[in-house]
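Database features (TrEMBL):
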type	residues	note
DOMAIN	A:60-284	domain 'Pyruvate phosphate dikinase AMP/ATP-binding'
DOMAIN	A:294-344	domain 'Pyruvate phosphate dikinase AMP/ATP-binding'
DOMAIN	A:418-500	domain 'PEP-utilising enzyme mobile'
ACT_SITE	A:His451	active site, tele-phosphohistidine intermediate
DOMAIN	A:534-882	domain 'PEP-utilising enzyme C-terminal'
BINDING	A:Arg571, A:Arg626, A:Glu759, A:Gly780, A:Thr781, A:Asn782, A:Asp783	substrate binding site
BINDING	A:Glu759, A:Asp783	Mg(2+) binding site
ACT_SITE	A:Cys846	active site, proton donor
There are 2 protein chains.
Amino acid sequence: MVRYVYDFRDGDRAMADLLGGKGANLAEMTRLGLPVPPGFTVTTEACRAFLATGAEPDGMAEEVSRHLSALEAATGRLLGQSDDPLLVSVRSGARFSMPGMMETVLDIGLTDASVPGLAKVSGNERFAWDCYRRLIQMFGSTVLGVDPALFDQALSVCGMTREAPDDLRADACGLARLVETYKQLVRDATGRDFPQSPTEQLRLAVLAVFRSWNAERARLYRRREHIPDDLGTAVTVQRMVFGNLGADSGSGVAFTRDPATGQPGLYGDYLPDAQGEDVVSGIRDTVSLAELERLDPRSYRQLRDHAQTLERHYRDLCDIEFTIERGTLWMLQTRVGKRTAEAAFAIAAELVGEGLVTADEGLLRVDGDQLGRLMFPRFDTRAAGPEIAHGVPASPGAAAGAVVFDSPTAVRRAADGERVVLVREETTPDDLPGMVAARAVLTGRGGKTSHAAVVARGMGRVCVCGAQDITVDGEARRFTTRAGTVVEEGTVVSVDGSTGAVYAGAVPLVASATMRYLECGEQADCLVAAVARALEHADAVRRLEVRANADTAEDAARARRFGAQGIGLCRTEHMFLGERRTLVEEMILARTEADRDRALAVLLPLQRKDFTDILRAMDGLPVTVRLLDPPLHEFLPERTELAVRVASAEAAGGPPDAHDVELLAAVNRMHEDNPMLGLRGVRLGIVVPGLVAMQVRAVAEAVAERVREGGSPRAEIMVPLVGSVEELRLARAEVTRVLAEVGKETGVPLDCPVGTMIELPRAALTAGRIAEEAEFFSFGTNDLTQTTWGFSRDDVEAAFFSAYLDKGVFAASPFETLDREGVGRLVRIAVAEGRAVRPRLQTGVCGEHGGDPESVHFFHRVGLDYVSCSPFRVPVARLEAGRAALGGSGGGDTG
Amino acid sequence: MVRYVYDFRDGDRAMADLLGGKGANLAEMTRLGLPVPPGFTVTTEACRAFLATGAEPDGMAEEVSRHLSALEAATGRLLGQSDDPLLVSVRSGARFSMPGMMETVLDIGLTDASVPGLAKVSGNERFAWDCYRRLIQMFGSTVLGVDPALFDQALSVCGMTREAPDDLRADACGLARLVETYKQLVRDATGRDFPQSPTEQLRLAVLAVFRSWNAERARLYRRREHIPDDLGTAVTVQRMVFGNLGADSGSGVAFTRDPATGQPGLYGDYLPDAQGEDVVSGIRDTVSLAELERLDPRSYRQLRDHAQTLERHYRDLCDIEFTIERGTLWMLQTRVGKRTAEAAFAIAAELVGEGLVTADEGLLRVDGDQLGRLMFPRFDTRAAGPEIAHGVPASPGAAAGAVVFDSPTAVRRAADGERVVLVREETTPDDLPGMVAARAVLTGRGGKTSHAAVVARGMGRVCVCGAQDITVDGEARRFTTRAGTVVEEGTVVSVDGSTGAVYAGAVPLVASATMRYLECGEQADCLVAAVARALEHADAVRRLEVRANADTAEDAARARRFGAQGIGLCRTEHMFLGERRTLVEEMILARTEADRDRALAVLLPLQRKDFTDILRAMDGLPVTVRLLDPPLHEFLPERTELAVRVASAEAAGGPPDAHDVELLAAVNRMHEDNPMLGLRGVRLGIVVPGLVAMQVRAVAEAVAERVREGGSPRAEIMVPLVGSVEELRLARAEVTRVLAEVGKETGVPLDCPVGTMIELPRAALTAGRIAEEAEFFSFGTNDLTQTTWGFSRDDVEAAFFSAYLDKGVFAASPFETLDREGVGRLVRIAVAEGRAVRPRLQTGVCGEHGGDPESVHFFHRVGLDYVSCSPFRVPVARLEAGRAALGGSGGGDTG
């Protein structure tokens, strides 16, 4: 018989799949002997069964009833009992934390009949009516689907608003009248009375939580966070404790250390005479825990001790929700806490230092996204103007952008390529798309645990919240600073999430301490030391090599400083730009073979010098040179522009520029409707063989020169866009010929490996054949993604990617995170079939995915030899390659 | 012990893999008791071993020597014996016929010492010296690699040319001097003497034949004909017989029936006092076999009897090479003969009628390419001007084009899209690329068995040869007719390969009899009856259904007449062109949803009528409607053109057309760098859902209308360019919604199947997922080829396909014949994984490959349910589907 309900005493934290994170952690705290209000959890399995069939699974109702009876027995009260009612909270709790996404109904069990009893036992009639009012409001909107705005209207008639509910304006009598209004609202909207059966309330609330799993907003969140849709949520039912019973009560949120910096010591927010919801919502301003220590030293000490217990037990930063009911501390929730990138590294280093976790575990506590964030530049405050506002530094980093005042505007303007800063009085889950689109979030209300802060930290957005010195007028699309400055929509501001400062205009940026360490080894502080330790450990455990994509000696040198073990992709076309463009033009416009050869001969020494410099910078390490890839017309002017210039000159009566006319003829001749699918890559090399010969000669002569200089050049020649082994065979023959020729001329034996990009589906599908001719495969996952999906990044990203992400076609852009099902399958096929033919085949990836954390893990699992990415992603790739070797997951592990 | 040599008496025709076609057929004729000069064959296995190692395999030399001794014993003479030398021919003979591709050396065994002996026994000193001269010339160029032009020069010094060798100008003495010159040439070119050891001559000749397998020309031919490179060639060594011993000798080529029409009766060419090579080369004008009957009735009767024996034994048209040596008939070669399309059908029908072959075998004797050729139109001779020339109708069909006089020009101008007619005095294997590129070939010399005729028939090119009334001047790039008309390069002529007529200018075309039969069932003659019988039998045995791609009721009706069993692809975008383009423009330019809906509402009844008409034409048969596929900007004017128009108007001072300006803004906004990889297909449907809704509504209303009319409409809705099941799920939901809506409105239940194109690699790779939502898969092999290879047909075909075909990257354009290794693998994956999820999944193909013979066979083997192709290819696909069901091969079986 399947069991659908677990008492808190029967579970533990290992059961999060079944009990959800919240339920599992409540069980764990109960097991540890911490003061947890008693209760039980209905499992995710029950939820899945309910969502699949639309009905409670057999036996669930009986189990709930039995556990409720046990709870009633334990508390000595019956649910909704009229003289002294047991009240319970009903909360969702899934396997993965989904802040703000899930549902809560408090005070279940209150009815017309039990309000007086509650008033009597609490000694506070106003409190009792307020609880009832809250129940109807939460139950009405969450369970019965009544528009919440209707409740807000009714509230405001009483002189209260949900945003600033000065509940004290209404006395018990007024609240009792409000309850009547609310009940009428429920009747009008649903055609039935607010349920007066406590057990019916409970049952409906549990099912509503189940249903909320499939709410549009929750689905969106899961898609963004790559959380599977079929997990379902558990539901915890727990005896209510009240933080709003007067000055000796209150609610708070605490971290076992500072989640922004990782500094040890209890850290958090407290709100006297309030329920927990009020703390998180940011509706009222909280006080620090130091203030709690002053107000209620005993509860504070208990909280501090419990926090220590939890941190040592969980061996990690925990966050805690607690309530003090008339001087008694209750622990309502705990979990491993979200943290900033800084805090993640600092905490990991400290816990390793304390011996609480191993170095391997420490490495799994940080991730590449966090490291990437630490590498972001900071504002150069010397160049900043005066602060126009200051708030809570809630999510670190520095970003500038045009201010916008609502989520749709943020999404729209960001889609147009603009950097925007979303400014809200406070954020709600509805603001999620805007927060994703914005570079930074600025709010007028709320602390470090407010919705804005938690969500922004989770997604790595810069956030300053609770900037009380600004007045946000979303309607008028502006905010006003304390100094009276009016900042209209579109004005650029700079937001420093590490300090809380907001500046007018775009403040210039300087390198972060982490970046300075990576660039020149400077270990400025203990954060940097923590980063260094994590990277060193990653290097020690990883199997994947990390190379860089670099086209200049300068990039190569930087990549090497960042730890690159070679260049996985040196794009030679970049050497055809700038002042050399005219030479390339001559080569393209050449009318005879001789003219073309002359133009190529002029380019040769230039390319040779490029290669010599790069090989010098990467001395002793492999440098994979890709032969020219783009279609030649890419080096000529844009067609429409040129045609318009020539036509305008003609229409104006003058003769058009002769060079323009010549260029236009060439551009028209070479025009391709789909240049990405045109005459490029190895095709060019086969049709215009002189080009390959010149490039190979430049590489070969550079190698010979470096050998003469006493260096250890390790050039590899890579043929792009191969679709068939025959193409590679032809290109390789030409490469080998030129290598032999230069080897003979210089007396330096040139045995550069020759390999190919695997960037077309056909290359992957015939990899066994291609491996006959290739000493290495380098997966060009950008092009491979384009051809496998049949869309070009430039053309489609803006056109429909946001719609695709919204509608769940993608969990992430396939250009950012490798599409494992489609593109990844081709990579697997090619690796397996290539190695079957050539067991020592080198395999790597040189698409942008090489620096994407999740993709790095995939490449590790597939068994590639290396990833190659932009120099700035090299440290991220090193870290993730290490985590992958330890079996870590692709995303962060700390969420 | 491997056996490398077989006496003709030890083999048979089933051993063609080992003995080559020539060796196997010589053995078969020997077995049949026909008069074959004795000899033996060195196997293809020996050749493969030699090519792999560069040395004769162990034991081969001894075996050759033993068989030579046996031959010497049988003939009573020793090879090169001075008083009465045994002479042998050495010829290549591969598994597949490669006309003109392979090597021959005659008169092996002649030396300085044996020339007088040959003179004595032949009673003809001049003959002996001429044989020796020929040996040195052939051996020198084929075996020793001496430039043949050097021999030609020496010949011309004697007043002879290879092209027109009037050998009689030199007497025995002159030829003896020529031999001396030749021997000196060999010494100069190779640094050694012409070998005087008969056995060394033999050994070197055999090995040279082996080596010739890998000659560039042979490789090119094999690539074009899809013959594997690793078969190797066998070598036949055979006692020489001489057709050039006087008037009672001669050589000829015969067919057991007319290879152009299939008419019964011996047919061929004869050349008195000549060797076989002279007949095939077309150097001298042949006489008909009727003339042979007059000259040598006994030999003629023997030949006729042997031909009958062969045809009844091979149960097919055979071609025969024979030589008469002083009144004795010798059979030198036979094989199943090449034939025209007409002849193929006529012969197959007749042999089936005679009971010599079964109906299945008869079907395997014809192929779709041949049927396609019969469907080609013929010249409307009533509209033709006077004939300017007349020659031998060597390969039927009608084609017009600009005359060119060499192969490179033909290739170049054809690559530019021009239709060309290659005109040569005679063709050689070097002309092959030009013959491939040309629409027709016209030669001044040679009969139906000349190189030009054989090759042109083989590849289906129109050919008229031996047009003696023209004088071709290749140097001056013109030919002159008997009437004195000078036809310069570039002038258009019309060539009728069925009648031999050549007309000035482009003659209009009329439908062929086969086409009239297909169109209206008219069985004009026995050829058409033969075609009808083959198609009926194909229909009876095939498993693949054949549908048509048709976008109009007219095309649908034609396709149905041609035997289509439904429409596999109805492209709705074609309904957006013509006069409706302005409506589509309005829809695209709409600024509001309402404007767009209005424009769509105007389009709706127009599309509905299209569908109603098509469903009416295909009543009772499935009609697969594909939702709009191309990007919307394709319906707007071309960008550069528009930009130039606007800019020119501006530069000229006037205001540009306001509509142009609006259009240009839209075109710029919607511009895509790679529209093939842009916002199209299902992506459009997801981003612009009103479009899908309108199209589905049009289909649904048309179905309802047809049902009300009493018809049996069977519409299927096909979603294009799906890459992920999520896309299809979204599109399908919209389709289902509209179908239900229209079903409700009309009261007609609408349960159209919904399926998808599989035209992206990702769709194939995730077919198991996609099959969850698809009731059918239709492989869009055009797009699938483009994305799998990463090239767009329009952009690359002209740019590098001819280079790729030349260099052997492709055996055929992957847009014509499905690339089995790459694209085909995806098709296999998708079929297998789709069916695993949905066993009753319908699968078909609607790319152009659906009408390509070789591809049809592949689709049969993969197990598709149907192919869909253009209406005109429907009969071809029916025929090939039948052949595939019988296990026939994709190409012709008769080559």
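Backbone N, Cα and C define each Cβ position, glycine as well.
Nobody curates TrEMBL annotations by hand; they come from automatic prediction.
TrEMBL feature annotations superimposed on the structure.
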| residue | record | contacts (Cβ under 8 Å, 6+ apart) |
| --- | --- | --- |
| A:Arg571 | substrate binding site | A:Asn549, A:Asp551, A:Arg626, A:Asp629 |
| A:Glu759 | substrate binding site | A:Pro720, A:Leu721, A:Phe779, A:Gly780, A:Thr781, A:Asn782, A:Asp783, A:Leu784, A:Thr787, A:Gly847 |
| A:Cys846 | active site, proton donor | A:Arg547, A:Asn549, A:Gly568, A:Leu569, A:Thr624, A:Met757, A:Ser778, A:Phe779, A:Gly780, A:Ser868 |
Between A:His451, A:Arg626, which of the recorded positions has its C-beta surrounded by the fewest other C-beta atoms within 10 Å?
A:His451
How would DSSP class A:Cys846 (active site, proton donor) in three states?
coil
Please list the DSSP helix, strand and coil residue counts for the domain 'Pyruvate phosphate dikinase AMP/ATP-binding' (A:294-344).
24 helix, 17 strand, 10 coil
Report the residues of the chain - excluding A:Arg571, A:Arg626, A:Glu759, A:Gly780, A:Thr781, A:Asn782, A:Asp783 - with C-beta within 8 Å of the mean position of the site's C-beta atoms, for the recorded substrate site, in sequence order.
A:Leu569, A:Asp629, A:Pro720, A:Met757, A:Ser778, A:Phe779, A:Leu784, A:Cys846, A:Gly847
Can you filter A:His451, A:Arg571, A:Arg626, A:Gly780, A:Thr781, A:Asn782 (the recorded positions) down to those whose Cβ is less than 8 Å from some Cβ in chain B?
none
Counting Cβ atoms within 10 Å across all protein chains shown, which of the binding-site residues A:Thr781, A:Asn782 comes out on top?
A:Thr781
Could you tell me how many residues in the domain 'PEP-utilising enzyme mobile' (A:418-500) are helical, how many are strand and how many are coil under DSSP?
18 helix, 29 strand, 36 coil
State the count of C-beta atoms found within 10 angstroms of the C-beta of A:Asp783 (substrate binding site), not counting that atom itself.
23
For A:Arg571 (substrate binding site), name the DSSP secondary structure in the helix/strand/coil scheme.
strand
If you draw a 10 Å sphere around the Cβ of A:Gly780 (substrate binding site), how many other Cβ atoms fall inside it, taking every protein chain shown into account?
27
In DSSP terms, helix, strand or coil for A:Gly780 (substrate binding site)?
coil
If you pair up every Cα among A:Arg571, A:Arg626, A:Glu759, A:Gly780, A:Thr781, A:Asn782, A:Asp783, the residues annotated as binding substrate, what's the maximum separation in angstrom, rounded to an integer?
15
